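Student: Let me give you the structure first, and then I'll get to my questions.
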Amino acid sequence: FLSHRERRDKNNNQDISCNNYTQIETMERKPFEFETTEDHKPYSDGGGSNLTSTVDSSGDEQKKLVYRGWKVMPYIIGNETFEKIGIIGTLSNLLVYLTQVFNLKKYTAATIISAFSGTINFGTFFAAFLCDTYFGRYKTLSVAVIACFLGSLFILMTAAVPGLHPTPCGTKSSCQGPNGGQVLFLLLGLALLVVGAGGIRPCNLAFGADQFNPKSESGRKGINSFFNWYFFTFTFAQIISLTLVVYIQSNVSWTIGLSIPVGLMFLACVIYFAGHNLYVKVKASGSPLAGIARVIAAAIKKRGLKPVKKPCSDLYNHIPPNYANSTLKYSDQFRFLDKAAVMTPEDKLKPDGTASDPWNLCTMQQVEEVKCIVRVIPIWLACAVYYVAITLQMTYPVFQALQSDRRLGSGGFKIPGATYVVFLMSGMTVFIIFYDRVLVPSLRRVTGLDNGITLLQRIGSGIFFALLSLLVSGFVEERRRAIALTKPTLGIEPRAGEISSMSAMWLIPQLVLAGIAEAFAAVGQMEFYYKQFPENMKSFAGSIFYVGSGVSSYLASFLISTVHKTTEHSRSGNWLAEDLNKGKLDYFYFMLTGLMFVNMVYFLLMAKFYRYKVTNDEANSVIKTNEEETKENQQQDKSYV
């Protein structure tokens with residue numbers, strides 16, 4: 001039931017653990033409030049539908065909340081599939097679109113894409129704040145899917161209306177760039193996509209997990225499996241976008257190719273709203289950021305106080321009856337935060353037991369919730385650096401493919417450069433199935449853990465595969481450039497350089513390794529954040545994953561810009577030249593490999609000192625299970641005698 005690390009923490013904390021659970025065990029705790037509709041009624045389908053009793057705010061009327069679980073997944077995953085095909089179909093080839101239709105340089109286009117991706121990912125934090133504080137996940141998603149549809153429509157118009165894009169460049173060496181109005185209209189479409197994607201990404205996964213009953217065994221297993229299959233659907237949608245949609249955009253027509261995402265986004269809206277009466281809709285529970293700020297402010301005010309000897313009994317820990325979060329065990333980490341729960345003669349209490357000034361006195365429960373977040377931050381930083389590898393594997397392999405032999409067979413068919421990223425998605429998709437159906441059951445028999453390995457072990461495995469991916473990328477690019485410089489070429493790629501005779505299929509290994517890294521780290525991160533954050537911050541748990549991706553996008557832009565400016569006038573030549581044959585892209589990959597190695601060492605150190613969140617319910621469950629196991633062993637001994 002506990003990993004090696006958790007068992008060690010349990011032993012280390014025995015002297016400070018709270019043994020008096022009288023208040024916690026007898027305390028009534030009100031669940032989150034839920035929105036109800038006429039069709040959202042109790043029912044029994046004979047298949048063990050999960051029904052959970054909930055009490056409203058007055059406490060008089062008892063209702064039955066229906067967790068339909070996998071029954072509503074066609075609506076949620078269907079919406080997710082078509083939304084991802086639509087938005088990725090719009091964005092996946094945007095790098096080529098900006099260079100070929102808007103006549104931007106590769107360096108400028110790559111910088112815009114990285115900055116745009118970072119802005120989307122940072123927008124998830126703001127969307128999560130609005131979601132958890134004011135609107136709830138259902139209403140936030142409703143606005144977001146409509147914004148995505150409108151954003152895709154605006155991008156389509158930049159291709160369909162001649163006045164909204166520059167004059168085609170063709171084979172000219174110098175091209176006319178976009179004017180101010182054209183750039184403004186393009187940015188308006190991208191801004192709508194930021195609003196849409198920023199709202200969907202942090203809320204959709206948590207909204208899907210809300211449909212499972214977390215108190216039932218089948219519900220918990222459903223949540224664990226849902227994370228894997230959510231990302232499977234996500235990558236499947238990306239594969240469709242990077243093959244069919246990208247091919248139509250590159251070889252048939254940009255207008256037709258961008259019309260497909262618009263139609264799919266409209267279909268995603270229809271599917272999402274069709275399940276309106278079936279969803280479990282968790283209402284917003286107020287700003288969780290205020291509670292975090294109060295703990296930090298109170299701890300700073302009381303920084304001069306001495307630590308208490310017995311935290312469990314000496315710290316203030318009044319828990320009101322309507323508290324939604326699970327009660328947490330005391331943890332002997334970041335003890336400077338404990339001072340926020342130390343009562344002084346100046347602290348006054350209200351008749352109901354709550355603090356008169358919550359900015360000066362917090363409960364031990366609130367302090368432990370802040371500790372959960374503080375413990376996650378070092379892990380999150382390592383994951384943000386990890387994602388630099390994935391971000392760059394989405395961009396520069398496209399340029400490598402354009403200057404490699406992309407012919408398939410003898411018919412002269414050429415695979416579009418942006419389509420090669422599909423091998424990253426394919427590697428992730430196939431490995432997720434292998435991991436969920438083969439690897440986890442096998443590891444479960446060895447480790448005894450429900451997930452086979454711990455979440456931090458899964459993330460660490462992803463970082464290792466990302467390191468391998470960058471190392472292989474450097475060697476492949478070294479070979480591609482050497483063949484281009486020493487052997488006959490296949491022609492000239494417009495605005496780039498000569499095409500190497502090396503097959504672009506040599507890019508597959510690095511992309512597959514990056515896909516396996518994502519199967520480990522991306523899914524592991526999302527599940528890690530979801531389970532380690534307090535219940536009223538589930539949307540924030542989703543957003544922190546994408547904020548980390550945003551940080552990595554900006555870090556990738558910074559690295560690209562710095563290396564470009566530093567090496568542009570050096571004797572060895574520009575590492576990131578427009579013509580890759582004249583650059584040193586392999587040096588750039590090797591530099592990133594060193595960065596990833598340092599990051600992996602840092603992650604291992606942080607993971608060594610990490611302690612997983614343990615609630616009192618889980619602790620009592622473990623104690624109860626151990627007692628049952630002891631009784632069973634005693635009975636077996638008697639039978640043997």
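Glycine too: its Cβ is placed from the backbone N, Cα and C atoms.
Curation does not apply to TrEMBL; its annotations are automatic.
Okay, these came from TrEMBL:
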REGION    36-57  region 'Disordered'
TRANSMEM  85-103  transmembrane segment
TRANSMEM  109-131  transmembrane segment
TRANSMEM  143-164  transmembrane segment
TRANSMEM  184-207  transmembrane segment
TRANSMEM  227-248  transmembrane segment
TRANSMEM  254-275  transmembrane segment
TRANSMEM  373-395  transmembrane segment
TRANSMEM  415-435  transmembrane segment
TRANSMEM  455-476  transmembrane segment
TRANSMEM  504-523  transmembrane segment
TRANSMEM  544-567  transmembrane segment
TRANSMEM  587-605  transmembrane segment
Student: What stretch, picked from 85-103, 143-164, 184-207, 254-275, has the most CB pairs under 8 A with the transmembrane segment (227-248)?
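Tutor: When the Cβ pairs under 8 Å are tallied, 85-103 comes out ahead.
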Student: If contact means at least 3 Cβ pairs within less than 8 Å, sequence distance 6 or more, would you call the transmembrane segment (184-207) and the transmembrane segment (143-164) in contact?
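Tutor: Yes, these stretches are in contact.
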Student: May I ask whether the transmembrane segment (254-275) has at least three C-beta pairs under 8 Å with the transmembrane segment (504-523), counting pairs 6 or more apart in sequence?
Tutor: no
Student: Under 8 angstroms for C-beta pairs, at least 3 of them, ignoring pairs fewer than 6 apart in sequence. Is the transmembrane segment (373-395) in contact with the transmembrane segment (254-275) by that rule?
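Tutor: Contact between the transmembrane segment (254-275) and the transmembrane segment (373-395): absent, because fewer than 3 Cβ pairs are under 8 Å.
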Student: Would you kindly list the residues that approach the transmembrane segment (85-103) from elsewhere in its chain, counting only those six or more residues past its ends and only Cβ-Cβ distances under 8 Å?
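Tutor: Contacts with the transmembrane segment (85-103): 109-110, 112-113, 116, 148-149, 151-152, 155, 158-159, 165-166, 168-169, 175-178, 182, 186, 193, 196-197, 237-238, 240-242, 245-246, 249-250, 254, 257-258, 260-265, 268, 395, 398, 416-418, 421, 495.
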